[in-house]
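According to Swiss-Prot, the protein carries these features:
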BINDING   Phe10, Ser11, Gly12, Gly13, Gln14, Asp15, Ser16, Thr17, Thr18, Cys19, Leu20  ATP binding site
BINDING   Cys188, Cys196, Cys199, Cys202  Zn(2+) binding site
Amino acid sequence: MSNQKALVIFSGGQDSTTCLIQAIQIYGRENVQAITFQYGQRHAVELERARWIAQDLGVKQTVLDLSLMRQITHNALMDDTAAIETAENGVPNTFVDGRNALFLLYAAIYAKGQGIRHIIAGVCETDFSGYPDCRDVFVKSMNVTLNLAMDYDFQIHTPLMYLTKAQTWALADEMGVLDYIREQTHTCYNGIVGGCRECPSCILRERGLAEYLESKKAV
C-alpha cells in the first residue's frame, strides 16, 4: 500500500493515535495525513496533544473549526459546567449528535481534494460508551453515502471496531508504542492532564490497560 495515501481522523486520544501510528507503518509516513476537529469540546487539552503528536510523528495535520456545533446542540462534552451522566436510554450525555457523521463528511471532502481514498477512524463498538455513531453499521452506511454523494471510491477503515480496550493496548504494544500511547495521549473528558480516573473515557482506558497488563503477566 506504499503508493496509496491515507487520512486519519485524529483527536490526540488513545484510539486515534494508535490508528495514526498503524497507518504510518502501513502506508508510510509520507503518505499519511491527519485531520483534527475543534468543535468546542471541554477537553481542549486533547487538541494540544494532537498538535504535538502530529508534529512529533512528522505527519501533516489539518485542524478544522466546527465550533458552530455549539449553536445547534447541547451536551456535557461541550459544556464545562455540566455533570457527566448516563441517560435512561444508556447513552451518556457526552454524546454529540451528528459528530462522527460531520467528521467523516468533512474528512471525505478534504481527502478527495488531496487525492486520498483511505479514511481511518478510531471508533469502536466493543468497549464503547454507548454512542450510536461508533457502530460499524453507521460507518458502513456513511461510507456508501459519501461514495454516492461525491462519486468517489472512499474506503473508510475502522481498525479498532471490534477490539476491546485491552486489545487496543495490546496492538499498541505490538507496534512498540505502548509507553508512547500511555504517556503522550489524552482521553479525559474533563480535560485533566493525566486523566481524572472518573469520567467514562478514563475508566475505559484505565480498565483496559489494567486488563492488558494483567494478561501480559500471565503469559
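Going from the start of the chain as shown, residues are counted 1 onward.
The backbone N, Cα and C atoms fix where each Cβ goes, and this holds for glycine too.
Rounded to the nearest whole angstrom, the C-alpha distance between Cys199 (Zn(2+) binding site) and Leu20 (ATP binding site) is 24. In the three-state DSSP scheme, Cys202 (Zn(2+) binding site) falls into the helix class.
Taking every protein chain shown into account, Cys196, Cys199 are the binding-site residues, and of these the Cβ with the most other Cβ atoms within 10 Å belongs to Cys199.
Ranking the binding-site residues Cys188, Cys196, Cys202 by the distance of their Cα atoms from the Cα of Phe10 (ATP binding site) places Cys188 first.
The Cβ neighbour count for Gln14 (ATP binding site), using a 10 Å radius and every protein chain shown, is 25. Secondary structure from DSSP puts Leu20 (ATP binding site) in a helix. For the recorded Zn(2+) site, residues Cys188, Cys196, Cys199, Cys202 set the reference point as the centre of their Cβ atoms, and the other residues of that chain within 8 Å of it by Cβ are Thr187, Tyr189, Asn190, Ile192, Gly195, Arg197, Glu198, Ser201, Ile203.
Between the alpha carbons (Cα) of Cys196 (Zn(2+) binding site) and Gln14 (ATP binding site) lies a span of roughly 15 Å. In the structure as shown, the Cβ atom of Gly12 (ATP binding site) sits within 10 Å of 25 other Cβ atoms. On the backbone, the CA of Gln14 (ATP binding site) and the CA of Cys202 (Zn(2+) binding site) stand 10 Å apart. Considering only the binding-site residues Ser16, Thr18, Leu20, Cys188 (Zn(2+) binding site) has Ser16 as its nearest partner by CA-CA distance. Here the Cα atom of Gly12 (ATP binding site) is found 14 Å from that of Cys202 (Zn(2+) binding site). You'll find the Cα of Cys202 (Zn(2+) binding site) roughly 15 Å from the Cα of Ser16 (ATP binding site). The Cβ of Ser16 (ATP binding site) has Val8, Ile9, Phe10, Ala50, Ala121, Gly122 as same-chain neighbours under 8 Å, each 6 or more residues away in sequence.
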